[in-house]
Amino acid sequence: MLVPLLIFSFTLIIINKKKGRHVNGLKDGGKQLINVLPLIAAALLLAGMIEAVIPKEFVQQWLAHEAGIKGIILGSFGGMCLAMGPYAAFPIMASIYKAGAGLSTMVSVFAGWAFMGVLDFTYEGSIFGIRFAATKLALGLPFCFLTGGAAYLLESVLLKLN
């Protein structure tokens, strides 16, 4: 509730100070919305399909808390393959979580997506050099496994409390 109020207040200040600039801002925001909306719609449709298509047995065996290290490894590499922005990736990740994936798997997916994107590696290698990209890969991959492992331990404690 606070954020919309701040945005509204900021808009009123701009309207009073800079006559007409708010209209340009609204037009630019509308253009961005039009560009992003198809991507969001496609991601939501894909997320719904994932929920319907992924067999529960697969989730239980490979992605649930009981999967342990298998889920952490799969989550890390799966996150690396999600070469898309948050508008598309988050609904897909949410559908995997709703299908029954464990907390440790999902933390690994997020870490892999955020730190180890496959497309990022190619850009980083060409812009910053292969040494930088290889160093990031060497540090990022264990980080994905460590965060997944920490989440696994936390999830184990939380499951015992329930």
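Cβ atoms are placed via backbone N, Cα and C, with glycine included.
According to TrEMBL, the feature transmembrane segment maps to 33-55, 67-90, 96-121, 133-154.
Sequence-distant contacts of the transmembrane segment (67-90) (same chain, six or more residues past either end, CB-CB distance under 8 Å): 36, 39-40, 42-43, 46, 60-61, 101-102, 104-114, 116-119, 141, 144-145, 148-149, 152. Here the transmembrane segment (133-154) has Cβ contacts under 8 Å with residues 65, 68-69, 71-73, 75-76, 79, 102-108, 111-112, 115-116, 121, 124-125 of the same chain, all six or more residues outside its ends.
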